[in-house]
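Database features (TrEMBL):
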type	residues	note
DOMAIN	1-427	domain 'Major facilitator superfamily (MFS) profile'
TRANSMEM	32-50	transmembrane segment
TRANSMEM	62-81	transmembrane segment
TRANSMEM	87-109	transmembrane segment
TRANSMEM	121-142	transmembrane segment
TRANSMEM	154-174	transmembrane segment
TRANSMEM	235-259	transmembrane segment
TRANSMEM	271-293	transmembrane segment
TRANSMEM	300-322	transmembrane segment
TRANSMEM	334-355	transmembrane segment
TRANSMEM	376-396	transmembrane segment
TRANSMEM	402-423	transmembrane segment
Amino acid sequence: MPDFLEIFFPVVYNRTQEPGINANYCKYDNQGLQLFTSSLYLAGLTATFFASYTTRKLGRRLTMLIAGIFFIIGVVLNAAAQNLAMLIMGRILLGCGVGFANQGVPLFLSEIAPTKIRGGLNILFQLNVTIGILFAELVNYGTAKIEGGWGWRLSLGLAGIPASLLTLGALLVVDTPNSLIERGHLEEGKAVLRRIRGTDKIEAEFLELVEASRVAKQVKHPFRNIIQRRNRPQLVIAVALQMFQQFTGINAIMFYAPVLFDTLGFGNDAALYSAVITGAVIVFGSIVSIYSVDKVGRRVLLLEAGVQMFFSQLVIGIILGIKVKDHSESLSKGFAILVVILVCTFVSSFGWSWGPLGWLIPSETFPLETRSAGQSVTVCVNLLFTFIIAQSFLSMLCHLKYGIFLFFSGWVLIMSIFTLFLLPETKNVPIEEMTERVWKKHWFWKRFMGDGEDGVVTFTNGTDDSEKKGYSNGFDPASQL
């Protein structure tokens, strides 16, 4: 919004007002503006480490409550900002909220969901993120038309509504059985498990959770444990998925969409049409993912989307390279319609693949003893690469121009090959059985699954190595040496 830029980023504002500099690719290339945007992700990255502690020691529910409080304070500072320092402080607190929410919510959903619908339920997280983006775009469009220069304050202030809903929701829900049992509240955990499953026949699942918790408690340093050989496959998958999610090029596509709609002749309404169409398409993609992820599996969605995303970006890059120069608007209506169709093809495939599955797969693959630390690493890596992209994207767009789409299409090819060979299928596998049924049977990762590595006994299905050797009560004299 011009009023916002004029107050906080006058250099960028002046550039957008000069037609000679108002280039298709370079008008927003400003390190200060990029730092404002990316400060949220840097704060979220730092907050993740604290959120790991609260998730483990205080529970998933309280972690979500803390996130809601951070969001509310950040919203107040942003809406009332008088200078750039106040604005960035609010942005940093919002980032802390993101760090805590991304740590608590996916774990909460994965642990509370029945195995058969775990994928679909977890993707509701991503679906609501996309709906939130759509609403935010519509709010921005509406508030930008307010006369008097205070529309941006209303836009930032309205974020208090979802912040309040998150805080209220965290007060109303119960914690997960996994978290309650992990913290020693066995009877409460059993009662919650009975309540959320809707049946009294929960003894087997309850005992499995108790055993997993017992094993987890023997791990005193989860972050040290997570880098041990037997936990390396889950760690590599989590890190790779978060990095790849940011390198799909979704930021490039979403940023350039309004320019395309403007070229099509929508004029001042270009931003609205761009927001509604791309927002609706990504919501559609998330809905497709909810219904298909537990039926066709994670790998099929990622591989199919990889083909769509690769060719979409490749063709967009070629068309823009031939037709759109830095200061020209020579993209004919026919080509513009084709590019918009390709944008929708890309966004929809992202909506049912790397968008939601980048969060779902890491949240369901780590064993309980490293799950909180694993989710921390997942969120941390995601925010790190989001920060890198946010801090460099506008400069990359200015220097690479249309080549940015070719750059990201190359990454889509790399991540599709990674998925094909190294990502195992986790569809319909209970979380506590992942090691036995997934990692130990994968052609590559099974070599990391040897028992008793690094001097730590690996527990399997409620039995440790000492029981296998015939020692009673799990006591193995050799383990005491």
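Don't overthink the numbers, they just go from 1 along the chain as shown.
Even glycines carry a Cβ here, placed using N, Cα and C.
Automatic prediction, not curation, is the source of TrEMBL annotations.
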Can we call the transmembrane segment (62-81) and the transmembrane segment (300-322) in contact, meaning three or more C-beta pairs below 8 angstroms at a sequence separation of 6+?
no
Cβ contacts under 8 Å made by the transmembrane segment (154-174) with residues that lie 6+ beyond its boundaries:
1, 61-62, 64-65, 67-69, 71-72, 74-76, 78-79, 81, 90, 94, 97, 101, 108, 132, 136, 139-140, 143-144, 146, 192, 195-196
Taking all residues of the domain 'Major facilitator superfamily (MFS) profile' (1-427) together, what is their mean pLDDT?
86
Contact check, the transmembrane segment (376-396) vs the transmembrane segment (121-142), 3+ Cβ pairs under 8 Å, seq sep 6+:
no
Using Cβ atoms and a strict cutoff of less than 8 Å, what residues sit near the transmembrane segment (235-259) while being 6 or more residues removed from its termini?
24, 226-227, 270-271, 274-275, 277-278, 309, 313, 316, 340, 343, 346-347, 350, 354-355, 357-358, 361-362, 365-366, 374, 377-378, 381-382, 385-386, 388-390, 393, 397, 404-405, 407-409, 411-412, 414-415, 418, 422-423
